[in-house]
Amino acid sequence: MPDTPVEDSLFQIIHCFHHYAAREGDKETLSLEELKALLLDSVPRFMDTLGRRQPYYITELFRAADKNKDNQICFDEFLYILGKLVKDYHLQFHRQLCAHYCTEHSLY
């Protein structure tokens, strides 16, 4: 049985994390530089749409996710980052739907 699209997406997330984590130091964690590269290379549309490409945003996201304050992002902390980005993108999607609906129905 082939993987479903969601299963394939989950595998890709795991692979992406390990691909970038292997660039320097600990192969099971991301440094700030590895996280920046991962986000800007792998989810550029999310970052652009959310207005999140600024280095300070990624640095703050790193600090918020680094729960144990070891200056590394483990996989669980990475999932927190992905969750935040997906929630922000989902909210943006709903804002666009509302704006489209309001425009179509002359509510502005």
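Cβ coordinates are placed from backbone N, Cα and C, and glycine is handled just like the others.
Listed features, source Swiss-Prot:
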BINDING   ASP66, ASN68, ASP70, GLN72, GLU77  Ca(2+) binding site
DOMAIN    53-88  domain 'EF-hand'
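Sequence features annotated in Swiss-Prot and their locations in the structure.
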residue: ASP66; record: Ca(2+) binding site; contacts (Cβ under 8 Å, 6+ apart): GLN72, ILE73, GLU77
residue: ASN68; record: Ca(2+) binding site; contacts (Cβ under 8 Å, 6+ apart): CYS74
residue: ASP70; record: Ca(2+) binding site; contacts (Cβ under 8 Å, 6+ apart): THR29
Intrachain residues whose Cβ lies under 8 Å of the domain 'EF-hand' (53-88), provided they are six or more past its termini:
13-14, 17, 25-26, 28-32, 35-36, 39-40, 43-44, 46-47
Quick one: mean pLDDT on the domain 'EF-hand' (53-88)?
93
Counting every protein chain present, what is the number of Cβ atoms, excluding its own, within 10 Å of the Cβ of GLN72 (Ca(2+) binding site)?
19
Packing count at GLU77 (Ca(2+) binding site) (other Cβ atoms within 10 Å of its Cβ):
19
With an 8 Å cut-off on Cβ distance to the ASP66, ASN68, ASP70, GLN72, GLU77 Cβ center, who else from the chain surrounds the Ca(2+) site?
THR29, ALA65, LYS67, LYS69, ASN71, ILE73, CYS74
